[in-house]
Amino acid sequence: MRKFRKSHIPGVSIWQLVEEIPEGCSTPDFEQKPVTLALPEGKNAIFRAVVCGEPRPEVHWQNSKGDLSDSSKYKISSSPGSKEHVLQINKLTGEDTDLYRCTAVNMYGEATCSARLTVIEGLIPAPFPDLRKELMDFRKLLKKRAPPAPEKKIDLEQVWQLLMTADRKDYEQICMKYGIVDYRGMLRKLQEMKKEQEDKMAQYINAISSLRHIRVTKEGIAKFDLELDLKDSQSKIYLYKDGEMIPYGFNNQTKHCLRRLGKRYEFQIQDLRPEDSGIYQVKVEDAVVFSTELEASAIPPRVVVPLAETHCEEHGDAVFECTFSSPCPSAAWHFRHRLLHPSDKYEVFVSPDGLTHRLVVRGARFSDMGPYSLGTGLYTSSAWLVVEAGKDKDLQSTSADHQLQSRRGGKDGSLDIYGERRDATQSSTSRYKPGTGSFSKEARGRCHFSQGLADMKVQQGEAATLSCILTSDLGPGTWFKDGVKLTAQDGVIFKQDGLVHSLFIARVQGTQAGRYTFVAGDQQSEATLTVQDSPTIAPDVTEKLREPLVVKAGKPVTVKIPFQSHLPVQAAWRKDGAKVVGSGDKEAQVDLGDRYTRLCLPSTGRKDSGQYSVTLRSEGGSVQAELTLKVIDKPDPPQGPMEVQDCQRAGVCLRWRPPRDDGGQPVECYVVERRQAGRSTWLKVGEAPADSTTFTDAHVEPGRKYAFRVRAVTSEGAGEALESEETLVAPEALPKAPSAPAILSASSQGITLTWTAPRGPGSAHILGYLIERRKKGSNTWTAVNDQPVPERRWTVVDLRQGCQYEFRVTAVAPLGPGEPGPPSDAVFARDPMRPPGPVRNLQVTDTSNTSITLSWAGPDTKDGDEAQGYVVELCGSDSLQWLPCHAGTVPVTTYTAKGLRPGEGYFVRVTAVNEGGQSQPTALDTLVQAMPVTVCPKFLVDSSTKDLLTVKVGDTVRVPISFEAVPMPEVTWLKDGLPLPKRSVTVTKDGLTQLLIPVAGLSDSGLYTVVLRTLQGKEVAHSFRIRVAVCPQAPGPIHLQENVPGTVTAEWEPSPDEARGVPLHYTVFTRSSAHGPWREAADRIHTNRFTLLGVLPGHEYHFRVVAKNELGASKPSYTSQPWCIPRQRDRFTVKAQSYREPDLSQKPRFLVGLRSHLLPQGCECCMSCAVQGSPRPHVTWFKNDRSLEGNPAVYSTDLMGVCSLTIPSVSLKDSGEYKAVAENTLGQAVSTATLIVIGNGGCPGSGTGRRASRAVTCLPSGSLRGVPRGIQRGVRRPGLSA
């Protein structure tokens, strides 16, 4: 029994092997699966898998070739007690490219997943003069290991900032991602943090709106934007990623850039890569205003391993394979810009991890030859399929090759004129690989390159030499540049020294950069020549920059520096050593255009003065230019505070300090101005020389207040002023202010005042006092007497009765009047008042458990004067003391006494009060209880309340009923006169009772009643009915018959719900071969019969019937066979054409024969050949004419016609002649080779898992002496391909 289960990780397959799993146990699963790798040759590959399951599962690793038993090549490990299992593959070779599978098994099931390893074969270096030095350099290269990437840690503070600006619908997803489990606590903390952030943001911004989170466009650019209203346009804006500040620019030449339009700020992230994922934050100064996250899944996948040119023979299968950096389900295959769909011809495969895509073209023909591409919408990888003929069609194949080369020539980024593939995703600095000649012609001849052309970078004007070495002489060859044949008139020199072919350029110019190709016979080699030249600035521009640039403040400054360069240039501006960065309209703006760079200061200030420099940098070098900017402005105000000293008769002495910044020009003088207190006009009183910071003003009047200000003056004008506080010039002594007048008596005839004399200097000789009055609320004082009065008592007459007045007194001395005294208390000019009469109509308007509300009418004016306030008093039933309920008086005729004891009885009285005294208190005769007023129960229902509710089975039912009653009554719910079932829930609170049925069932139908019962036993009831129903069941089978010609009658068995009395009806739909979609033929049919008219012969008619009620429709019932009236037609006969299948039988033949080997003792030997034949031939291996079948010292393989014989460790006895014999029913073929084993020191490469042919590169150059030349040709030398 095998049951498939779904894993939470994509790409993992789980099979359950038992029917039931005991509690506490589980099938294996992967918490982390191995990832697809693409590594260069010679590196170590490490696959890691984290496995869980109970009991602990056993883990096995394997590839498509079988078991990984070679311990020197494959290392499988796992720590005790750990869930992590590791597969390490040492020293990768091209043969290690495969699909690796990890399987975890325990007694309840098994889980499998796979990952692909792609080995990028390295470059074959040119031969070194010293092979020992080459070996040591190669070993050092293998020892280098990149440090492990640090684990990315996210600060929880950033997660909280992300939540504060995220949409509420995304809260749950963010919490699950970062492990926040307390959702309610998160909401509370988020609310507190938002208040703190708003207070912090309020320092820098007025408003923030229109937040748009990060999104990735179809061009592969990530964008997010917001609207900011800054309080200060000079505020700095910073961009952070995962807590680290990242720089950004203002154009598309930087990875991170900011675009601003008014108040909208848009950030862009270009050239997206997986490491760009993370949390991005925008800060204004030190306040975080916006946070957003770029998910790794949103980054478009890139091509890691591109498509490669594929060759196959006619009727063979061609395979294309491409690997992406992340899964891409939308990737599509194209042939000649035509979309390919999976079929028998084109088979499409995707690896379980979604990274590797494979296309298999079955039975390739010459018409299938052309460009194939795999696109993701943003990135595309392309490669050619070349279909070749067999040996008997060499001439036709050669012709086809040349035609193909002519069709593929001249296309940028695809092929050169000789058919070599250059994928658009491959780096332009990649070195030449031997064996990449057109159409695999190396396999047809023995001549090839022992050293190909190598990419070269030279400075402009220097000499350059491109050279390559052939293994045999094929003539002078031909040189091409960018597909165009070169001649001596192109400024180059061709050289040939034996097998060495060279191209020499005496002085390289920028136009000579490009792709160079050397072709000799069927062989070709390519290399790129890059011309590096540093940017140059014209001498006259440099001379002009030496002169300082002087500009007035507030004026714009634009410095444009032209330059010359043939390579892309980056410009970096600095001011006084610091990088120039601007984030606003008034900040510095840097622009880099076509052959110029520009610095723009929209509005200059003194802070912009300094030494500026710009560095122009390219791959060819750098150049720097400097200039001095001097901004002149008006001077700053003099430094304060200003010292003001009263020098008595000499006047007022002023003292200040020079300005901190003179604006770039020397100070010429200081201008002193004066303003009298209470006036707005400033008068110039004099000037002080530039070397003096003091001034004396002798033209001031004693007893007056003055303010002074000083300005510095330069050739640019007068600067801002330094202003002093108002200063009183000391006058002669005047009397002080008397005390505030006291009111002795007040009536409608007059008010009598008294006061005390002032003390202090000037108060010894007082001539008298001046008295002033004003109405309360007015600011205008009016004199009472014209002449000073010597007494300190006075009666003010001539007052308006009923008005309220205030008074003040001023002492008069011989030198004049002094300062006025403080005002008196406000007093009415009227006769004394009578006490008010008692209040009327005292009554209780409302009571509660803790309060009593009273109301009354004011006293009758016949009994006294008008009341100005009231006093409310209470006395408990067990007390004899009256206590006031408030402080002061109550101005209105109603009052609520609060804070009473529930149920307690109180006596109440109210007293009226005015200035004449208190009235007689008015009290209630009865005791007032502190308890609420009784309200009879009543349901608050209206005409919109339904008496019948119809719901669907499984729905949740909520029925709220509002009521009013005081005190709270007892609420009882009944169903059909009985108590509610336990699964029904009722809630009653604050005048609302609610019925809740979580999942409605058919048994919940019935009459529901809610009863309100008071403490006295009075009841009030409200009833309603609930009907629970289901959608009807489908009708029974449909039977068709023809009762009348040209019609068809459909009869069906009624729905089972109809027998239970459920009201329903039927709807009939028809579909004919003439009209494709279903059409409604009849609705609301209450029988089980329907007749369709107008049936045409030769047409097929299908019927379906649906049962409906008020809750919905049932599933449809269909006819098993369509109804059709046959149409009479004449018969005709079709004669099928016969054909004969071709005979593909073929006797065996070797496509690639065996080669001789010369190896040191102890190395591995692998002899391979390729054989073809039909039926598939059987290959037998012989040594010295003796069969090797059953020999344990060797093993052989046969994979798709490629046969190999491997000797793990050769010895002297393994020397001899080896033979491979291929046989089938039509004949046999033989291929032979010689193996010579020498015993001089062993193989340095033994034990590394490399093929023996690569170990031969370790042999000294003299090891082949004495060996026949025929054998030497089959031995691999350093730098030669297999």
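Cβ from N, Cα, C; glycine included.
Automated prediction, rather than curation, is the source of TrEMBL annotations.
What you are looking at is a predicted structure, and each value in this text was computed from that prediction instead of being measured.
According to DSSP, the secondary structure content of the domain 'Ig-like' (28-118) in residues is 3 helix, 57 strand, 31 coil. The domain 'Ig-like' annotation in TrEMBL covers 28-118 (among others).
Taken from TrEMBL, the feature region 'Disordered' applies to 61-80 (among others).
Look at TrEMBL and you will find 180-207 tagged as coiled coil.
As annotated by TrEMBL, region 'Disordered' applies to 396-417 (among others).
Marked as domain 'Ig-like' by TrEMBL: 434-530 (among others).
A mean pLDDT of 87 is what the model gives for the domain 'Fibronectin type-III' (637-733). Among the features that TrEMBL reports, domain 'Fibronectin type-III' is placed at 637-733 (among others).
What TrEMBL lists as domain 'Fibronectin type-III' is 737-836 (among others).
Marked as domain 'Fibronectin type-III' by TrEMBL: 838-933 (among others).
Residues or ranges marked as domain 'Ig-like' in TrEMBL: 937-1021 (among others). Counting residue by residue with DSSP, the domain 'Ig-like' (937-1021) contains 3 helix, 48 strand, 34 coil.
As annotated by TrEMBL, domain 'Fibronectin type-III' applies to 1034-1128 (among others).
According to TrEMBL, the feature domain 'Ig-like' maps to 1142-1236 (among others). Across the range of the domain 'Ig-like' (1142-1236), the DSSP-based residue counts are 3 helix, 59 strand, 33 coil.
Sorting the domain 'Ig-like' (434-530) by DSSP state (H, G, I as helix; E, B as strand; all else coil) yields 12 helix, 46 strand, 39 coil. Across the domain 'Fibronectin type-III' (737-836), DSSP helix (H, G, I), strand (E, B) and coil residues number 0 helix, 38 strand, 62 coil.
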